[in-house]
Amino acid sequence: MDLKLVHTRAELAAAREKLGRLALVPTMGALHEGHRSLIRIARERADHVAVSIFVNPLQFGPNEDFARYPRTLDADVEVCAAEGVALVFAPSAEEMYAADRSVTVSAGPMGDVHEGAFRPGHFDGVLTVVLKLFNLVRPDVAVFGQKDAQQLAMIRRMVADLDVPVEIVGAPTVREPDGLAMSSRNRYLSAEDRAVALALSRALHEGAKHARPAEILTAARAVLDAAGPALSVDYLILVDPETFTEVSDDHRGEAVLAVAARVGGTRLIDNVPLSLG
Ligand code: PAF
């Protein structure tokens, strides 16, 4: 089936009608190998895959990178075509948001901690656009990367709390050969920044060698500290994957070791899922 690129709600509704069981991969474009892996996982879950490409103004703070976020629609559509995507929805901001809009989704307390504490309002913006995309595309399944672990947890929470009839699938983080987690923001990094940025994945790797929460955090922190002042750490946390509350030192079971840091002008996040026995 040939890929259909649509920009309006009306075009989307007409195209959606012709597709059966549909998996949605919501993105902000600048597609890379990580997105390709989400699309491949989506293909296994449904008859057809839709990809949305929309740089959502609601989830960027006033001093964040909304204006310079990479917009590469032609290249993105080529990636989607190569991956067998049936439908790409690439709306304008005006198509997504009415000028007089006033109701948004509130992320609740989980939206105020960790990533949310450094990016106030970010998760309200993410959940608002994701719910709108679900309502417009009407997917059966939606696939999100585990790299944005708190985002994934919040989307699961929204779907459960608001009874949204979409199955949420989390997909493993894809890394460069040297360990750097793939991200559309990696293209902002200079060669020097990129070398410093490797401390994030190394810290997670070192932390994951340990069994007790305190040891995990100490080992990971030592790697981040060794990177020196070029790396400015926002947070390093070991949390419950569903609630994003920090785990106690006698915690057994699933946990997520997550880090956020700034390198040069670029803010990066990364995490690893851990099973503590
Ligand atoms: O993860 C992203 O790329 C975005 O936060 C998402 C889910 C597409 C919402 O804009």
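Each residue, glycine too, has its Cβ placed from N, Cα and C.
Per TrEMBL, the features are:
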type: BINDING; residues: 28-35, 145-148, Val174, 182-185; note: ATP binding site
type: ACT_SITE; residues: His35; note: active site, proton donor
type: BINDING; residues: Gln59; note: beta-alanine binding site
type: BINDING; residues: Gln59, Gln151; note: (R)-pantoate binding site
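Overlay of TrEMBL annotations on the structure.
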residue : record                    : DSSP (3 states)
Met28   : ATP binding site          : coil
Gly34   : ATP binding site          : helix
Gln59   : beta-alanine binding site : helix
Gln146  : ATP binding site          : coil
Gln151  : (R)-pantoate binding site : helix
Val174  : ATP binding site          : coil
Ser184  : ATP binding site          : helix
*Give the number of CB atoms, excluding that of Gln146 (ATP binding site) itself, located within 10 Å of its CB.*
19
*Roughly how many angstrom lie between the C-alpha atoms of Gln59 (beta-alanine binding site) and Leu31 (ATP binding site)?*
18
_If I take the alpha carbons of Gln146 (ATP binding site) and the residue listed as 'active site, proton donor', what is the distance between them in whole Å?_
12
*asked:* Please give me the CB contact count at 10 A for Val174 (ATP binding site), counting all chains in the structure.
replied: 18
*Which residues in the same chain, at least 6 apart in sequence, have a Cβ under 8 Å from the Cβ of Gln151 ((R)-pantoate binding site)?*
Glu115, Phe123, Val126, Phe144
_I'd like to verify something. Among the recorded positions Leu31, His35, Val174, Ser184, which ones have a C-beta closer than 6 angstroms to some atom of ligand 1?_
none
*Cβ-Cβ under 8 Å from Met28 (ATP binding site), same chain, 6 or more residues apart: which ones?*
Ile53, Phe54, Val55, Asn56, Tyr69, Ser184
*Take the Cβ of Leu31 (ATP binding site) and count every other Cβ within 10 Å, whichever protein chain it belongs to.*
25
*asked:* What are the sequence-distant neighbours of Gly34 (ATP binding site), meaning same chain, six or more residues apart, C-beta distance under 8 angstroms?
replied: Gly145, Lys147, Thr173, Val174, Ala181, Met182, Ser183
_If you count, for each of the binding-site residues Gln59, Ser184, the other Cβ atoms lying within 10 Å of its Cβ, which residue has the minimum?_
Ser184
